[in-house]
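Feature annotations, reproduced from Swiss-Prot:
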SIGNAL    1-20  signal peptide
MOD_RES   Q192  pyrrolidone carboxylic acid
DOMAIN    198-389  domain 'Peptidase M12B'
CARBOHYD  N317  N-linked glycosylation site
BINDING   H331, H335, H341  Zn(2+) binding site
ACT_SITE  E332  active site
DISULFID  C346-C368  disulfide bond
DISULFID  C348-C351  disulfide bond
CARBOHYD  N367  N-linked glycosylation site
DOMAIN    397-483  domain 'Disintegrin'
BINDING   V399, N402, L404, E406, E409, D412  Ca(2+) binding site
DISULFID  C400-C429  disulfide bond
DISULFID  C411-C424  disulfide bond
DISULFID  C423-C446  disulfide bond
DISULFID  C437-C443  disulfide bond
DISULFID  C442-C468  disulfide bond
DISULFID  C462-C494  disulfide bond
DISULFID  C487-C499  disulfide bond
DISULFID  C506-C556  disulfide bond
DISULFID  C521-C565  disulfide bond
DISULFID  C551-C587  disulfide bond
CARBOHYD  N568  N-linked glycosylation site
Amino acid sequence: MIEVLLVTICLAVFPYQGSSIILESGNVNDYEVVYPRKVTTLPKGALQQNYEDAMQYEFKVNGEPVVLHLEKNKELFSEDYSETHYSPDGREITTYPSVEDHCYYHGRIQNEADSTASISACNGLKGHFKLQGETYLIEPLKLPDSEAHAVFKYENVVKEDEAPKMCGVTETNWKSDEPIKKASQLVVTAEQQRFPRRYVKLAIVADRRMYMKHQKNLKPWVFQMVNSVHQIYRSMNVLIALVYLNIWKKNDKITVQSASDVTLDLFAEWRETVLLRRKKHDCAHLLTAIDFDGPTIGRAHIASMCNSKLSVGIVQNYTEINLVNAIVMAHELGHNLGISHDGNQCNCHTCIMSAVISNPPSERFSNCSEDYHQSFLTAYNPQCILNAPSKTDIITPPVCGNELLEEGEECDCGSPENCQYQCCDAASCKLHSWVKCESGECCDQCRFTSAGTECRAARSECDIAESCTGQSADCPTDDFHRNGQPCLSNHGYCYNGNCPVMHYQCIALFGSNAIVGQDECFDFNMKGEQYFYCRKEYEKYIPCAQEDVKCGRLFCFYTNNMDICRYNYSDIGIVDHGTKCADGKVCNSNRHCVDVTTVY
């Protein structure tokens, strides 16, 4: 057996610290210069790879020696990964590049219990690592014939825009009428209690603005983002694998606009009608360099994973720091996976699912995030993310009866004496001839469930219960009542299966004691200035007309606070698209309060 390869790279730190420099990550105030020297010892007869499976770096940070261990992330790409771009004349070109010998790594600092690292070794060393609770970035210095790199703290990168940034999701969580339950309180199956690993095949679409911004560096930028997202979700036992990349080089396939809710809806429609037919995947995210209205830098549909209509997210490339953009993507993926924003009851107020991006950004999930995700798995049972790795990944010779599903086997339940799986013929490791299905919401004892059996209950009055067809193991696509139908005793109107009302949006931001501000608070939206406006066009804040004030800034306050128009940085959201703004009227995508009978 070939011994595990160990590569040692020594970084000598010059006795020099720069005061200020412009790097790819931005303007850095304080940094150290290091020079990597690679020392490789290959086992006799071993095949030289472009990028080794394991590497070790030794260098100094603040004069103290550290050892950085790295391992190639072999789960970064799905086995059927493909890319689509477009020729100058608009022809679609899809390729299936080899991605096995890639250059993206995860790692840790030796003797640091909570350390992490996400590094690209494609052209020098670029990425981040955590040391003694602080986040450090490393990237090559672009000097001729030099191996010089810069190492610097995240806090030493000058932020061009210090205003708080936030997720655009302000609707209440997907089970707003029930308090969050701990995972231990849920009625779950034995399989779910074991926290089985989930597998998300992620499709990424980059719009023309992203291509114009990054050009030839766009693909490595995306790969490093997903590499960091993959690492973040390890703690949740969720594998994020890139299955597809589509670059809109010449023209955008939708009208990407600054209204994030409109862009999200347009992308969801394109994904359902075009992308799903082109490439099988579980969730799709759009990366754009457009500046969304207000402080919004991302948006996604909550509890939408595996939903053909809604399993999407959008992420604004608002900073040159790759890690921060990856954290925004991880946040929006969290919404897809049923995770709502962290509230006051959570043990962490600066974690990934905080509505406002923390500074420095966190790579941790709170206890609430874990509970929300487990609640989602139990309530929805999303089948698409329970797919185990391909059987071809197992390279040992198959042995029927060893309880391992191997190549050439349809099932393996152990010996005939011990087999407890009625669908499987233990002697042949094949399914019985009468078996119609093995799993699924509409599969019962290896046969399709009778037609008409409810397989997905209505989650709200705007949702529709689905029933089995008797011809498939899968529950039909999640559908909902028509947009504009009255809901919550006429306090709102249905929109994409939800009933968006201001009260629940306030609860999502502030907790159960929050209520909607007084009517006079919303008159501030006629000012047309930062935080008080209806929409933003070309960096200009457009004031609301009197009749549209409840489609601009959302005002909330606590019931025990006499300042009824109080607002702060954690409440900088715009009223949601589809929210009732007057009797018979809702907010449209242009932030006008319009007749509900004409908007949908």
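Here the Cβ of each residue, glycine as well, is placed from N, Cα and C on the backbone.
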If you average per-residue pLDDT over the domain 'Peptidase M12B' (198-389), what number do you get? 92
Find the shortest Cα-Cα separation between C487 (disulfide bond) and the recorded positions C346, C348, N367, C411, D412, and name the residue that gives it. C346
Can you name every residue in this chain, apart from H331, H335, H341, with its Cβ inside 8 Å of the center of the Cβ atoms of the recorded Zn(2+) site? C167, V169, A300, I302, E332, G334, I339, S340, I352, M353, A355
Specify the count of other C-beta atoms within 10 Å of the C-beta of C437 (disulfide bond). 18
Find the one among the recorded positions E332, N367, C411, C424 whose C-alpha lies closest to that of C446 (disulfide bond). C424
When the Cα-Cα distance from C556 (disulfide bond) is computed for each of the binding-site residues H331, H335, H341, V399, E409, which gives the smallest value? H341
So among H331, V399, E409, all listed as binding-site residues, which is physically nearest to C587 (disulfide bond)? Use the C-alpha atoms. H331
For C424 (disulfide bond), the same-chain residues 6+ apart in sequence with C-beta under 8 angstroms from its C-beta are E410, C411, D412, C413, K430, L431, H432
Cα of N317 (N-linked glycosylation site) to Cα of E332 (active site), in Å and rounded, measures 13
Rank aside, I only need the closest one: which of the recorded positions H335, C368, C442, C462, C521 has its C-alpha nearest to that of C400 (disulfide bond)? C442
